[in-house]
Amino acid sequence: MTDDQDQELDQVGWPRRVRSFVRRPGRLTPGQQRALDELLPKYGVAADVRDLRALFERDAPLVVEIGCGNGQAMAYMAANEPEFDFVGIEVHEPGVGRLLKAIDDRGLSNVRVAMRDAVEVLAEQVVPGSLEQVRIYFPDPWPKKRHHKRRLIQAPFLERLAEALRPGGLLHLATDWTPYAEWMLEALAEVDAFELLGDPGVPRPAWRPQTHFETRGQRRGHEIVDLLCRRR
Ligand SMILES: C[S@@+](CC[C@H](N)C(=O)[O-])C[C@H]1O[C@@H](n2cnc3c(N)ncnc32)[C@H](O)[C@@H]1O
């Protein structure tokens with residue numbers, strides 16, 4: 001990243017808090033644009049929803065995936081775990097377009113999509129204790145030291161996730177960036193509400209498919225770390 005871009009990041013972040021993402025003008029294919037126009041009204045989460053559980057007609061445990069990217073994992077999990085309802089949160093429009101199309105093509109009735117900053121969704125649209133699980137796969141590692149403040153996984157955000165989860169609920173993190181895995185473990189250690197399950201780095205649970213960014217990391221020789229935590 002050039003210094004110009006870095007400055008731009010700071011401007012984007014000011015005067016609001018530092019965000020974990022940068023909105024880049026993404027190229028939407030005509031299919032993705034159509035999906036956003038036609039399917040977001042059907043499967044999207046409106047900003048005035050105050051309890052994500054109210055989006056579904058049944059009363060099933062709710063799993064939230066934050067930063068679901070192109071939605072491949074979300075669509076796979078929703079099809080494979082029909083006992084759960086799912087909300088995918090993602091700000092990248094082309095990714096949301098792809099996920100919406102997958103939901104519609106596969107006729108998945110247990111998925112909704114919030115195209116919004118997850119920090120805002122957690123603050124305004126989630127009732128404390130209402131989530132069964134939160135899954136965050138390969139969040140942007142922001143490897144440069146001056147960008148560490150942009151990392152999504154930080155103790156205050158973990159506190160908010162703990163508040164959102166029911167006691168006994170699960171937080172599942174995965175990363176291909178070893179320094180970020182260490183950072184995650186340090187942040188988790190600061191939050192009493194979470195208990196790490198197993199050794200740091202458990203085998204990939206069966207419910208998580210290989211993701212797009214995981215494949216990219218593996219091609220670069222990165223080690224994959226899955227962390228599972230229980231809300232006390
Ligand atoms: C490195 S990608 C990983 C995508 C996918 N989980 C995967 O493994 O292929 C991280 C994603 O998180 C999204 N993201 C980052 N911060 C976010 C936030 N605060 N709210 C919603 N999405 C966010 C980014 O837009 C990006 O698509």
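Glycine is treated like the rest: Cβ placed from N, Cα and C.
In the record from TrEMBL, residues K144, T211, H212, F213, E214 bind substrate; the candidate from D105, D117, D176 listed for the same site is D176. Residues E90, D117, D140 are recorded by TrEMBL as S-adenosyl-L-methionine binders, and the candidate that the same record lists for that site, out of E65, E159, E163, is E65. With a cut-off of 6 Å between Cβ and the nearest atom of ligand 1, the binding-site residues E65, K144, D176 reduce to an empty set. If you compare every pair of Cα atoms in E65, E90, D117, D140, the residues listed for S-adenosyl-L-methionine, the longest distance is 14 angstrom.
Between the binding-site residues E90, D117, T211, E90 has the most other Cβ atoms inside 10 Å of its own Cβ, all protein chains included. Classification of E65 (S-adenosyl-L-methionine binding site) by DSSP places it within a strand. The binding-site residues considered are E65, D140, D176, E214; of these, D140 has the fewest other C-beta atoms within 10 angstroms of its C-beta.
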